[in-house]
């Protein structure tokens with residue numbers, strides 16, 4: 001088959017589908033690059049002896065249309081017949097082996113055939129201008145696309161299904177959603193952390209344009225979008241990157257992976273080779289793709305402890321210096337794109353160096369999930385008896401914020417990891433037989449309030465706001481009927497988020513840098529803490545919390561200033577639940593000695609501030 005197009009002086013006689021080479025690609029970049037006419041194909045395969053591209057444009061000829069060898073192991077060719085939407089693969093010859101591989105940079109991969117598809121970015125972003133909120137004002141809602149399926153169906157949710165629920169999230173008050181990885185994975189259901197095509201968007205979710213629609217519609221509603229990305233391993237199954245061009249050592253993964261002891265991860269021998277420049281570029285380009293082409297507002301890098309070390313869980317883990325360097329490079333370039341792009345780390349070691357500035361030798365992340373916060377909180381909330389609740393340990397977790405900027409940590413009670421992997425939702429952890437009963441409601445609300453009022457960036461996990469129970473399962477859709485059944489609890493979450501974001505201009509302190517405990521009562525298990533930015537009325541905010549079933553008609557503790565303190569949130573308000581008793585007053589008077597007394601029902605808490613003076 002010969003080309004019938006005369007394009008820019010190309011020798012159409014050279015466009016053989018058999019053995020003659022294509023014209024060299026006419027621009028930079030890797031993958032399938034759609035030009036004004038035709039498509040440039042370029043791929044990195046340093047150990048291949050010959051490379052072809054085959055696909056719909058040549059009736060899947062074998063071997064296909066031969067690419068031209070370039071410097072540094074790259075191969076390229078221009079195919080004028082190729083067009084958007086057509087399927088293709090690379091064929092790579094190494095010795096006696098001929099390998100048929102998907103494009104490592106494909107935006108679209110057919111999950112049934114494994115074929116790459118030519119994709120052209122023509123998405124219409126017009127009509128939406130958006131700037132992500134400052135980190136100290138962010139409330140994150142973590143979600144899994146597949147479980148946002150319509151009620152009564154299997155967990156086959158799509159980006160459009162999430163769009164259909166965005167107004168509910170706006171009503172709730174969150175201003176950032178964090179998507180569990182939406183990249184292509186093998187099979188029908190997955191959490192998304194077994195990525196097999198890192199540049200491709202999961203087809204069953206709606207592909208690249210579906211994700212862009214979700215970002216656009218989120219931005220239209222004032223919601224930032226954060227994406228989970230996985231750079232500590234790839235796959236490990238159905239992985240075309242494995243021995244991509246036929247070369248490998250020690251039976252390992254070839255050019256994209258370490259081929260020695262550093263390849264090992266908890267998920268398979270598929271750790272990327274952070275020391276190889278082309279692999280570093282691959283990861284960096286992937287990160288920049290999400291913020292540039294897809295316009296996401298932040299990235300959360302999964303389990304970075306397994307990027308910076310081989311196995312952080314052993315006593316003396318082997319460091320991977322080049323892993324640290326690639327994270328620094330990614331974070332530096334993200335900030336060059338926009339100072340408002342969030343860079344979030346998950347590191348089971350709570351390594352403060354991750355959120356230290358790059359010029360000081362740190363990782364350059366803006367913030368990180370803090371594991372040292374969630375475990376004491378979860379243990380306290382789910383402990384079956386009050387005697388086992390440790391007020392000192394909870395206070396330590398609340399106060400253990402990074403020096404210099406307390407928002408360098410993300411604090412939460414629930415996340416995808418904390419409600420699965422042998423664990424359950426908070427409600428079931430409290431009372432497996434009555435996960436929506438009175439005590440489960442009270443303590444689940446108590447557990448949600450602590451991250452909302454602690455120094456750090458608060459995060460919820462999907463369904464937490466309507467008492468979802470059991471364990472998270474990517475095969476089971478969220479039960480949105482609970483959102484109506486427990487509308488009162490959902491209203492409590494809404495009010496907490498409103499206070500946390502200071503939307504009524506009366507609780508600025510919850511967005512501030514400062515925290516001081518005025519009471520840590522280990523015997524009575526009552527905590528009181530003061531949050532403030534600059535201090536004073538409308539800023540200084542007091543949180544008083546009872547961690548037990550013992551109620552108090554009046555509990556006295558120090559406040560930051562004398563005068564009238566208005567109750568902004570009372571967890572016992574009967575409007576939140578018919579099971580609640582409505583104990584409390586609209587305001588309390590604090591004496592000149594700074595002592596104030598307030599009623600505290602079982603597992604109750606109050607948030608108070610003084611009325612802001614209008615300037």
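Glycine too: its Cβ is placed from the backbone N, Cα and C atoms.
Note: TrEMBL annotation is automatic and uncurated.
Feature annotations, reproduced from TrEMBL:
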- 117-494: domain 'Glycosyl hydrolase family 13 catalytic' (DOMAIN)
- 302: active site, nucleophile (ACT_SITE)
- 346: active site, proton donor (ACT_SITE)
Reported mean pLDDT - the domain 'Glycosyl hydrolase family 13 catalytic' (117-494): 96
Inter-residue C-alpha distance, residue 302 (active site, nucleophile) and the residue listed as 'active site, proton donor' (nearest angstrom): 5
In three-state DSSP terms, the structure that residue 302 (active site, nucleophile) belongs to: coil
